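Enquirer: This structure is in structure tokens; I'll ask about it shortly.
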Amino acid sequence: MKARINGVERELADGTTVAAVLTMLDAPAGGVAVAVDGEVVPRATWGTTAVPDGAVVEVLTAVQGG
Amino acid sequence: MDDPLVIAGREFGSRLVMGTGGAANLAVLERALVASGTELTTVAMRRLDSTGGGVLDLLSRLGIEALPNTAGCRTAAEAVLTARLAREALGTDWVKLEVVADDRTLLPDPVELLDAAERLVDDGFTVLPYTNDDPVLAQRLEQAGCAAVMPLGSPIGTGLGIRNPHNIELIVARASVPVVLDAGVGTASDAALAMELGCAAVLLATAVTRAQDPERMAAAMRAGVEAGRLARLAGRIPKRFWAHASSPAPEG
């Protein structure tokens, strides 16, 4: 299946979880949040939430700004 | 001076809120933040792997609280999602709400801003909206439940100072939440003027981070805010048309 992760089309195994995507991106342990198809996925459910086929996944963190 | 800034029931010893945008690197930013004396500083939310990481570690080390913003958002829907992601990422329900209309002016879009503010207040956020210097809009934002209103002095990054001091005074006169002058500050006298007009605090970034000596300018801004606050509390003399001697008249 495919998903668009931070603007990049990626091939994922069926059932790939949000937690697995974060590992793939080498995300730090804190200061990160995830939206799948425009909805925030709470940290507590990252390990159990599968990324649907064709999903748009956004992984955000805080940077200098404002 | 025992004169804390109080926003949504929380006290801050400093009335200068610093943004982190525009610094050449984290070392320069760190020296500026320390010199500014700020206790609250804005950060932006961006895709992981974009440049500029490490700012949260820096703020944590300095004991300065991060205030996430919704910079880059053009619609209420984008701003609401960004605020929710910031809450999840940083564990704070405080948000500096920015919904700008276009890249050329970076002026707030009042319709989308008010819509986003209402939705975020309903969602339990402590909303600090960056707004036009419009007294009516400021009132509407306060009525929507915003914890402060943050009118611009002039457009973001211009350093043009406070273009309409009367509007800022009107906003201050009617607001019962803190008014934070946000954007347009160019130098320390602009920050002092904001405080003299009755603002509760000043938020700035570019004027410090892009100054030739950011650390020194941060110290200047700190002093400017403190001087302006003292002057406001002291009460300025009325302006007069004709001279008025301060020495006693000579015996005649």
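Count begins at 1; order follows the chain as displayed.
Backbone N, Cα and C define each Cβ position, glycine as well.
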Enquirer: Which candidate from B:GLY157, B:GLY224, B:GLY228 does TrEMBL annotate alongside B:ALA183, B:GLY184, B:ALA205, B:THR206 at the 1-deoxy-D-xylulose 5-phosphate binding site?
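Expert: TrEMBL lists B:ALA183, B:GLY184, B:ALA205, B:THR206 binding 1-deoxy-D-xylulose 5-phosphate, and from B:GLY157, B:GLY224, B:GLY228 it also lists B:GLY157.
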Enquirer: May I ask which of the binding-site residues B:GLY157, B:ALA183, B:GLY184 is closest to B:LYS96 (active site, schiff-base intermediate with DXP) if we compare their C-alpha atoms?
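Expert: Checked the binding-site residues B:GLY157, B:ALA183, B:GLY184; minimum Cα distance to B:LYS96 (active site, schiff-base intermediate with DXP) goes to B:ALA183.
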Enquirer: Starting from the 1-deoxy-D-xylulose 5-phosphate site formed by B:GLY157, B:ALA183, B:GLY184, B:ALA205, B:THR206, give every other residue of that chain whose CB sits within 8 Å of the mean position of their CB atoms, in sequence order.
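Expert: Close Cβ neighbours, site residues excluded: B:GLY19, B:PRO155, B:ILE156, B:THR158, B:GLY159, B:VAL185, B:LEU204, B:ALA207.
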Enquirer: Just name the winner among B:GLY157, B:GLY184 (the binding-site residues) by count of other CB atoms within 10 A of its CB.
Expert: B:GLY184
Enquirer: Quick check on the binding-site residues: of B:ALA183, B:ALA205, whose CB has the lowest count of neighbouring CB atoms inside 10 Å?
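Expert: B:ALA205, out of the binding-site residues B:ALA183, B:ALA205, has the fewest neighbouring Cβ atoms within 10 Å.
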